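Positions annotated as GTP binding site by TrEMBL: GLY23, LEU24, ASP25, ASN26, ALA27, GLY28, LYS29, THR30, GLY69. For THR30, THR47, the entry in TrEMBL reads Mg(2+) binding site.
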Amino acid sequence: MGLLSIIRKNRQKEREMRILFLGLDNAGKTTILKKLNKEDISGISPTLGFNIKTFVHGNYTLNIWDVGGQRTLRPYWRNYFEQTDALVWVVDSSDRMRMEDCKEELHSLLTEDVSVLISKPPSFRAD
């Protein structure tokens, strides 16, 4: 592999980002992804494991990993951090009963070496 190939590969890699969506179960991670992809959001079921969606935005390719938020899956979240460029923490602000749990989980993630964006999803409910 020549120098030009290495430069092209690095340049391409810089334009590709891996973004991790985390939050408690039922926070709206999958809903946000489906809305971004203009998919139907009716009938969304809990994410068991993870989903990956790829979006092209300008010159960037965004690989978004939507990881399940059930309590049994949370210990495995750190397994997804390698090569992650940013973490989006999704909060269901209407779920007041679990705010303390949400705060504790976020606090434990803040010890990791990853950029974090905290997001409150817009209301997708037909109230």
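Note that Cβ sites are derived from N, Cα and C of the backbone, with glycine treated the same way.
What TrEMBL says about a protein is an automatic prediction, not a curated fact.
Feature map: TrEMBL annotations on the structure.
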| residue | record | DSSP class |
| --- | --- | --- |
| GLY23 | GTP binding site | coil |
| LYS29 | GTP binding site | helix |
| THR47 | Mg(2+) binding site | coil |
| GLY69 | GTP binding site | coil |
Among the binding-site residues ASP25, ALA27, THR30, which residue has its Cβ surrounded by the fewest other Cβ atoms within 10 Å?
-> ASP25
Cβ proximity for LYS29 (GTP binding site), under 8 A, sequence spacing 6+, ordered by residue number, returns PHE21, LEU22, GLY23, THR47, ASP66, VAL67, GLY69, VAL90
